[in-house]
Amino acid sequence: MSQLWYPYTQMLNAPKMPCVVNAQGPYLEFADGRRVLDATSSWWCLIHGYKHPELDQALQDQASRFAHVMLGGLTHEPAQALAKALVDITPEPLNHVFFSDSGSVGVEVALKMAVQYWHNRGQTNKQRILAFYKSYHGDTSGCMAVCDPAEGMHHLFNHLLPQQIFAPAPSVGLDASWQQVQEDIQPVRVLLQQHAHETAAVIIEPLLQAAGGFNMYSPLYLQALRELCDEFEVLLILDEVATGFGRTGTCFAMDQAQICPDILVLGKGLTGGYLGHAATLAQTHVYDAFLSQDNERAFMHGPTFMGNPLATAVALRSLQVFQQDHYLQRIQNLQQQLQQELCAPLAHEQVVDIRAFGATGVIEVKDAQALAGVQAYALQEGVWLRSFGRYLYTMPAYILTPEQMRHIIQVMRAWFTEER
Ligand code: PMP
């Protein structure tokens, strides 16, 4: 007997999973004939919804030419065009692009780049990374080592992983003052005073620590962090795998802080969610540290599917649709609706907080048990909704109509208000 093994679902007597047979726009269609509205855009990546005609076309066009070719020693147009487009939409100093095949690998690439950067410059002791509580950066060993070491999904493996340095999660809200930010970031300053000599980089998810608890924090905090990284001579890595391509209301979350990292990681929405792919962008001073006459400083990382032509072709079209269809305005509208309708007062003993930012809305409860059964309930109401831990969230495709957004909001709130 063979059976597919799914993540997070080894529950005895787990309910049978719906089998998707078709998908269109924000809707999933199941084998039993049900059609449900996806509140999660499939783990936050299908930003245009399913089966977008232009993205489908880009994929077909590229498939009719060639589906894959190695990017080592060879190049191809979709990879080159996407690299150029990414350099054009990110801050000016980011002008080198390294492709890989998933967000986790994109983060690994960033971490390895940071360590080798200092090594190539003769500072071989700068090998550690400063990360934050409540962070989530992916599932590989390097990534697990920079995820929240206590609450995160990976704490079981802590003893096997390189011991990184952890600062408290930012705790100042989106509209904090500079003074509040300075106080909040003080522990980072202290850690850098102690460890900068052995620290290659600081890594953080800008403005929204997503899978570690939907912690939303001030752009001023990012500005202060950039200043600290400069003062203590460590690189700043921004992980925009979840926040990139509009999720927080600007194309990139870092745009709201008007800062530029030394290294930036993009994934998820990069291909419109069609294929796994990631881009790690670096400033010239980072790239230059890897140049040498005899290649002895070269960056030794070569994922087989880096720059895959299907992925890069569809990513390029995804970016064009993002711009031509005025997504930032759509995301503004979703944010307004979430703030007004999801965040309206909700009197329930379990509800600790309701917050919304960009196209992200979250209800936080006291006890994860309060969300047991919410997914089955939402399915009955025609919505594919997910919770994890103490968080019930929506991160939908940006193409939702106000009615569709309202339907999701009503189901999220009704879980707490309706008699069942
Ligand atoms: N970084 C962040 C901020 C993420 O949210 C995720 C995935 N949820 C990753 C990295 C890892 O990306 P992937 O699942 O594509 O490996």
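For all residues, glycine too, the Cβ spot is worked out from N, Cα and C.
Database features, via TrEMBL:
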- Trp43, Tyr136, Lys268, Gly302, Arg386: substrate binding site (BINDING)
- Gly103, Ser104, Asp239, Pro303, Thr304: pyridoxal 5'-phosphate binding site (BINDING)
- Lys268: N6-(pyridoxal phosphate)lysine (MOD_RES)
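TrEMBL feature annotations superimposed on the structure.
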| residue | record | Cβ contacts under 8 Å, 6 or more apart |
| --- | --- | --- |
| Trp43 | substrate binding site | Lys268 |
| Gly103 | pyridoxal 5'-phosphate binding site | Gly138, Val241, Ala242, Val265, Gly267, Lys268, Ala278 |
| Ser104 | pyridoxal 5'-phosphate binding site | His137, Gly138, Asp139, Thr140, Cys143 |
| Tyr136 | substrate binding site | Cys147, Asp148, Gly152, Met153, Glu205, Gln209, Ala210, Ala211, Gly212 |
| Asp239 | pyridoxal 5'-phosphate binding site | Val107, Ala110, His137, Ile203, Ile204, Glu205, Pro206, Val265 |
| Gly302 | substrate binding site | Gly72 |
| Pro303 | pyridoxal 5'-phosphate binding site | Phe99, Ser100, Asp101, Val105 |
| Thr304 | pyridoxal 5'-phosphate binding site | Met70, Asp101 |
| Arg386 | substrate binding site | Ala39, Thr40, Gln375, Tyr393 |
Can you give the largest Cα to Cα distance in Å, as a whole number, for the residues Trp43, Tyr136, Lys268, Gly302, Arg386 that bind substrate in the record?
35
Can you tell me which of these binding-site residues sit near ligand 1, meaning the Cβ is under 6 Å from at least one of its atoms: Gly302, Pro303, Thr304, Arg386?
none
If you pair up every Cα among Gly103, Ser104, Asp239, Pro303, Thr304, the residues annotated as binding pyridoxal 5'-phosphate, what's the maximum separation in angstrom, rounded to an integer?
22
Could you tell me which three-state DSSP class Asp239 (pyridoxal 5'-phosphate binding site) falls into?
strand
One finds that other Cβ atoms within 10 Å of the Cβ of Lys268 (substrate binding site) number exactly 29
